[in-house]
Amino acid sequence: MFASTWQTRAVGVLIGCLLDVVFGDPKRGHPVALFGRAAAKLEQITYRDGRVAGAVHVGLLVGAVGLLGAALQRLPGRCWPVAATATATWAALGGTSLARTGRQISDLLERDDVEAARRLLPSLCGRDPAQLGGPGLTRAALESVAENTADAQVVPLLWAASSGVPAVLGYRAINTLDSMIGYRSPRYLRFGWAAARLDDWANYVGARATAVLVVICAPVVGGSPRGAVRAWRRDAARHPSPNAGVVEAAFAGALDVRLGGPTRYHHELQIRPTLGDGRSPKVADLRRAVVLSRVVQAGAAVLAVMLVYRRRP
């Protein structure tokens, strides 16, 4: 049906992206949730307070997922490679769920339902919402939408386009492990080191591609491409993450808001440098961030297909 591997991959990536747009994440039996439960079970066996144990834990899980992806990609059948690529891409994406949650938090904050917004925030990020009021919840949600524009939208598409099913599933495994154990808490400071470093590597190029797309797409929401570039160049390196800082700074500059500052997690309070030099974000800015995130995903889909065609024989 399809003439070559590159056509198969391009069609599969586009179908996977459309499945995410139309259906979002499945409510039950999501592959990422199943992987997370398996990882938690394995951690009961592999956990030791050291980097080597953490590297073994990550290697076993990411290796298993990569081998599964390679096997799925090589199953016989004329339509199977497209179906495998589409399914893997869909499973790795989370743009629709991200946008839905961002809009829901916006709605709750506009109704001054701070308690409900606090309950919903953990589905976006690992912040401790207990002490956050409306402004803090708005900033936390906007920063999470920005960071996850890369993690849950752009980067999976680029891995799927460049290297197929094993790569996109492996990437999602790495990113999930980072969200589970890549913390600087007493338990995970050493055990989670490998997951955090591997996630930094896996997102490095994609985060910068995301920032470029933010610059290009900023005018769609009345944003400033020049402001995005300025904040990216000036502020990104101040962020503790080499990748999240790039994307969050670009969003801050594009939307003319100021992000960063005191950031409380369950295990620690971080005093982060500010990103951007605009106003404190309002609920309307969170809504703009959600729209910008969706437009960036559409741009990433186009970029992914271009990448596949560029790599064809």
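Using the three backbone atoms N, Cα and C, a Cβ is placed for every residue, glycine included.
As recorded in Swiss-Prot, the features of this protein are as follows:
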TRANSMEM  52-72  transmembrane segment
TRANSMEM  79-99  transmembrane segment
TRANSMEM  154-174  transmembrane segment
TRANSMEM  204-224  transmembrane segment
TRANSMEM  289-309  transmembrane segment
**Asked** Which sequence positions outside the transmembrane segment (204-224), separated from its termini by at least 6 residues, show Cβ-Cβ distances below 8 Å to it?
**Response** 149-150, 153-155, 158-159, 232, 236, 242-244, 246-247, 249-251, 253-256, 288, 291-292, 295-296, 299-300, 303
**Request:** Compare 52-72, 154-174, 289-309 by their Cβ pairs under 8 Å to the transmembrane segment (79-99) and return the stretch that comes out on top.
**Result:** 154-174
